[in-house]
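> Copying in the features that TrEMBL gives for the protein in this structure:
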| type | residues | note |
| --- | --- | --- |
| BINDING | HIS78, MET80, GLY105, GLU126, ASP151, SER183 | S-adenosyl-L-methionine binding site |
| DOMAIN | 85-216 | domain 'Ribosomal RNA adenine methylase transferase N-terminal' |
Amino acid sequence: MTATPHLFHSLLLPITPYATAKLRDKPHFPAYGGTTVSETRTALSPIACAYRAQDDYHATLKALNSRGRFPRKSLGQHYMLNPEINEELSRAAHVKEGDVVLEIGPGTGSLTNVLLNSGATVLAIEKDPHMVALVRERFASTEHFKVLQEDFVKCHIRSHMLPLLENRKSLDASSMHAKVVASIPFNISTDVVKQLLPMGDIFSEVVLLLQVNIHNVLLY
């Protein structure tokens, strides 16, 4: 019988939009316009800044506007602007140096940035070709990031993950499993969970940021 990966579920504390707070140390990877780009969400907007640092909200908008892009409702896209949420997702999956992590829908790359700075190798699956180009450019300097332009729901995950795990196994025999950490497009949430749950032979941890209504449907 195929093992089921551990699916972390927890309701994140409510976040007050546009609260002021001092950012921690900036991530090592470059942010747009010299400013750290980070992510979160509110019920009002697909681009929201609940933990507002100087210009981080505008830096994200600038990066998107320079390409004539904005969140596409048809794809369930949303871009977070809260580094604490991304760090919490990474901590929940216990991401550490040497881990192989699958990210679904990297968007502007803010969660990707946190995962890479934790020492992980990240494989991202992104349907939107414009977002693929954006994150590919942003993380061009690292060998530990790869993005594929595919629809995750139709993607053959095993064929992409197994080679990465085999390479890792040659370095560390204990690294038999990958992890999933993602703030997934809302319109495919249920399909993503259904696809991942039977893959416990590949993934040891699955940590997803979901809308509350999807969370409740899955649990109840």
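Cβ atoms here come from the backbone N, Cα and C positions, even for glycine.
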> Just to confirm my parser: what is the rounded mean pLDDT across the domain 'Ribosomal RNA adenine methylase transferase N-terminal' (85-216)?
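A mean pLDDT of 88 is what the predicted model shows over the domain 'Ribosomal RNA adenine methylase transferase N-terminal' (85-216).
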> Could you put numbers on the helix, strand and coil content of the domain 'Ribosomal RNA adenine methylase transferase N-terminal' (85-216), residue by residue per DSSP?
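Taking each residue of the domain 'Ribosomal RNA adenine methylase transferase N-terminal' (85-216) in turn, the totals are 60 helix, 29 strand, 43 coil.
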> For GLY105 (S-adenosyl-L-methionine binding site), what is the tally of other C-beta atoms lying within 10 angstroms of its C-beta?
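Summing over all protein chains shown, GLY105 (S-adenosyl-L-methionine binding site) has 23 other Cβ atoms within 10 Å.
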> Taking the Cβ of SER183 (S-adenosyl-L-methionine binding site) as the centre, how many other Cβ atoms fall within a 10 Å radius?
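If we count other Cβ atoms within 10 Å of SER183 (S-adenosyl-L-methionine binding site), we arrive at 25.
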> Let's check the environment of GLU126 (S-adenosyl-L-methionine binding site): how many other CB atoms sit within 10 Å of its CB?
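Its Cβ has 26 other Cβ atoms within 10 Å.
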